[in-house]
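Feature list (source: TrEMBL):
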REGION    1-20  region 'Disordered'
BINDING   Lys30, Arg31, Ala32, Leu33, Arg34, Arg166, Leu167, Gly168, Arg169, Gly170, Lys171, Gly172, Tyr173, Tyr174  ATP binding site
BINDING   Leu76, Glu81  substrate binding site
Amino acid sequence: MLPGSPGLMEPPREGGGGVPEMAAALRAAKRALRAELRQRLRAMGTAEKQRQSRLLSRKVIGHSRYQESKRIAIFLSMPDEIQTEEIIKDIFKQGKECFIPRYKPDSNHMDMLKLSSAEDISSLTLTSWNILQPSDDDSAREEALAGGGLDLIFMPGLGFDKKGNRLGRGKGYYDTYLERCMKHPSGKPYTIALAFKEQICESVPVAENDVQVDEILYEDC
């Protein structure tokens, strides 16, 4: 049995008439599961996070989708996420193009801006929520959808289930960005979530507009 919150075996879905009670139940289920997952992540030691991050980096570098992709978007990790530094170094080593998120606060808008090198990360601005990203007045970087689109997006999240459902942090940045990707001539990129095994749940409560992940990588997959 996979870890998961009690009562989430059959996750409530929003939609189908937008009944307020269903929407409220969905929000409550997501809120409860987020709290449980944050507790699980806090209980993990630094060494264990590093061990699983190294293992996943090797999985990614050997993955056929990664090897075939030329334009790749990847998140810069927070402490409670799989560390992506080694993957980013390999993207540049392989001569691929790397794009990273710039989140717009107080909205669900995100852009994927081009990184010139792994060392370029040190020039980025630390936001109030402790994430490195290009500054708001940085207009020189290419936005992925203004050019050739993306082949692959590595996605963060708080929790996932084996059906590809993802629980984010509640802002909707990635769901909104993927909607924009679908309108691009190159179409929707392949999506891979990177997760600690502690983030895999029996089921994740989802709404109809929540976009499933194509694949979830974790230690035991």
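Just so it is clear, glycine is given a Cβ too, placed from its N, Cα and C backbone atoms.
Caution: TrEMBL annotation is automatic and unverified by curators.
Keep in mind the model is a prediction, meaning the values are calculated, not measured.
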Leu167 (ATP binding site): tally of other CB atoms within 10 A of its CB: 22
Binding-site residues listed as Ala32, Leu76, least Cβ neighbours within 10 Å: Ala32
Tertiary neighbours of Tyr173 (ATP binding site) (same chain, Cβ under 8 Å, six or more apart): Pro101, Tyr103, Asn108, His109, Met110
Nonlocal neighbours by CB distance (under 8 Å) for Lys171 (ATP binding site), same chain, sequence gap 6 or more: Tyr103, Asn108
For Lys30 (ATP binding site): intrachain residues, at least 6 apart, with Cβ closer than 8 Å: Leu167, Gly170, Pro205
Recorded ATP binding residues, Lys30, Arg31, Ala32, Leu33, Arg34, Arg166, Leu167, Gly168, Arg169, Gly170, Lys171, Gly172, Tyr173, Tyr174 - maximal Cα separation rounded to whole Å: 21
Sparsest-packed among the binding-site residues, when each Cβ's other Cβ atoms within 10 Å are tallied, from Arg34, Arg169: Arg169
Spatial separation of Arg169 (ATP binding site) from Leu76 (substrate binding site) - C-alpha basis, Å: 15
Cα separation, Arg169 (ATP binding site) to Glu81 (substrate binding site) (Å, whole number): 12
